[in-house]
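Down below is the structure, laid out as structure tokens.
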Protein chains: 2
Amino acid sequence: MEERNKVKEKMKNLCTRCGYQEVKTPTFEKLKLFKLKSGEEIVEDIYKFEDKGGRGLALRPELTAPIMRFYSNELKSRTKPIKLFYFSNCFRYEQPQKGRYREFWQFGTEILGGKTLEADAEVISLADSILRELNLEFDLKIGHLGVIRELLKSEDIEEDAQDKIMSVMDKEDVEELKTVLNSYGITKEIKNKLIKLFGLEGEPREILDKAGKILEGNKSVLGRLSDLDKLIDLLDYYGVSDFSLDLGIARGLDYYTGIVFEAFVPGLGAQNQVCGGGSYEFPEFVEGGFKSTGFAIGFDRIMDALEIQGEKIQSRPRSMAYIVPVSEEFREESMKVLREARKSFPAEIDLQNRGIGAQLSHINKLEIPYAILIGEEEVKKDKVSLKDMKTGDQDLMELKDAINKIKSKYKEYDIRY
Amino acid sequence: MEERNKVKEKMKNLCTRCGYQEVKTPTFEKLKLFKLKSGEEIVEDIYKFEDKGGRGLALRPELTAPIMRFYSNELKSRTKPIKLFYFSNCFRYEQPQKGRYREFWQFGTEILGGKTLEADAEVISLADSILRELNLEFDLKIGHLGVIRELLKSEDIEEDAQDKIMSVMDKEDVEELKTVLNSYGITKEIKNKLIKLFGLEGEPREILDKAGKILEGNKSVLGRLSDLDKLIDLLDYYGVSDFSLDLGIARGLDYYTGIVFEAFVPGLGAQNQVCGGGSYEFPEFVEGGFKSTGFAIGFDRIMDALEIQGEKIQSRPRSMAYIVPVSEEFREESMKVLREARKSFPAEIDLQNRGIGAQLSHINKLEIPYAILIGEEEVKKDKVSLKDMKTGDQDLMELKDAINKIKSKYKEYDIRY
């Protein structure tokens, strides 16, 4: 938990620095909300139940739909854009495996009403800086759902078919792509364009140039490419330049519309996507549509990734000192020492009326660095015995000196931590 | 959220100072766990459901049973006692009202294997210091389930009848108590003793003296009174003396056994209990029984209580500065300023390509104290215009000076916060 809290705090601090405010929504929502908005794939895996009133409820499988519902109930009158972040658990009934749990934690942000490329660039740079702050090695991929969608739309291909084709493009299997394109009876010209787009490689600007040539003449698609061009400039202003362009990103959720992005950590195995996001729309909640943008980070996978990449977060002992009454008659004196010690660092006392030997063995098991012993001699001389549990050295000294010594050791932990 | 986080941090810090470690358990458990251990009253209100595999599951209505389950799966081999704390949400299908929500948050601690009065005293003093640290006015009541129970047991009264009698004593209605005692055919002698115990008033030691006289000759009950006597000493060592003794506390959960305590905040209305705890046993999980002790604080009620008692926690503006590109051509320069500013305090930039008037009105609505304007003059002179949004004053200055000025203002917030 200490490691998780530390990572969470880093994420929170970065969001706070950028003016995002934390939000928490209820753990369950009406089932309808997710049926409407979260995409078929997710709805399959929802934990659903009825309450005593017969209402269909669901444990949230993701956070964006609940936040839009919350916006629509509570935040509508606020000045836009609204910048939020969350750290919350989600639930999906999937086969558990490394990096995929039935209850999992997501850290994410949303810019509600953030309909510009400026807003897209801000969330991408925030995701990027969170992953960097954690010293993670990762690959960032950016795409634009509009490119392929506009191209298919210009050929009057229906939305269901668009969805199918895009989800196949996401899989990076050119043969499957060809099969699907044939099955929908796509013209040869468009088919060739799609396959060429699919295979593009190089630096982001190169890909844009090549895509521009492939798509020459199709004005609305070229508009999406120039969005990407402007986004690259904006990301550059934020200091984000280490990413690749991937026009095949489809994302799993039905509500995405424009710029999308994903981050992957090499070495995480099959579940190696640690972050996903992009711009989306929930027209149900706001008349005339309401563009927003955001991302979610898979918190459990991040913790796995940090472990794999050897980014061990130094953990402190649970206490710096353990007060040892040599026998029960010294409990009152020992408690005075405990209360004094707790003003400066985490400290504990025997709660089991154990003998001194059993207490010292307990302290060793807890890996607490110091014991402060209180017995007859100590009380008589108004001092304490400070025992260094590592070296075994024990010295009679003023309580004040013992506390100062432990305090300075405690500060070292704080710096390393 | 900011206020809630601040209060939560205070609670966490106190627990950490005492060597408690944070634990999180899953949101749902097997329904069986709660049927077994959480008491009838709670089981009625559980949100239950089946997963796809037909397993009976339940959203946790409380945390102690899950933590004992977790102990039994994961922590059994650790040296005892194990000191844990949690901050988690629970779920009960009850009529929502002020201070009672269907999803609510509890902050609590457990000393697993803490079977001594020393452990009881430690958790009571920790609950007391948490409520004190928050500057809350509250009444702390301490009791011992064993007193009444042993007395009833010595008359061979069955456990079901014991439970019923104790729950009526908890309600503080002497007439109802008389009716129940009559219905169980309790002897006149015991009936009189119970009614006398029920009506005891005075300082803790006075109550113990009077109870000792009422219960003279009953050795096992007197043993429980001397537990309370020793507990009062131990609490004194922790500096806890402001509490009352109440031999009628019954607590709602079936697993409590010995010392129990509750804290109430005057003025909170019907739902005025903010904390409850005591020592308990889960023999199912550990052979030969396993005494533990702990408490839970109703976090939402604490937030209500703080509001009612006027303990307003100073909240900071979401950002200290908002960077205003006077027109789009100055975005690149503005972004450089933004990145510099974010090194020192929370800062934002326009994401909507708004004109300068619309930006300033947005900043006012957000109550952000400073605007930093970047336009032609500023870029030419390599300076920025710092606008104090409260006074309206605007000055051209070095970026460094603007940042220092805002930074020192930010520190003031930190101190007041």
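Cβ coordinates come from backbone N, Cα and C, glycine included.
The DSSP secondary structure for A:Gln106 (L-histidine binding site) is strand. Per TrEMBL, L-histidine binding site is recorded for A:Glu62, A:Leu63, A:Thr64, A:Arg92, A:Gln106, A:Glu110, A:Arg251, A:Tyr255, A:Tyr256.
The average pLDDT for the domain 'Aminoacyl-transfer RNA synthetases class-II family profile' (A:1-325) in the predicted structure is 90. The domain 'Aminoacyl-transfer RNA synthetases class-II family profile' annotation in TrEMBL covers A:1-325.
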Notebook entry, point to check: So which of the binding-site residues is most packed in, judged by how many other Cβ atoms lie within 10 Å of its Cβ, out of A:Thr64, A:Gln106?
Noted result: A:Thr64
Next item on the list: Give the maximum pairwise CA distance in Å, whole number, for the residues A:Glu62, A:Leu63, A:Thr64, A:Arg92, A:Gln106, A:Glu110, A:Arg251, A:Tyr255, A:Tyr256 listed as binding L-histidine.
Entry: 21
Check: In terms of DSSP three-state secondary structure, what is the assignment for A:Tyr256 (L-histidine binding site)?
Finding: strand
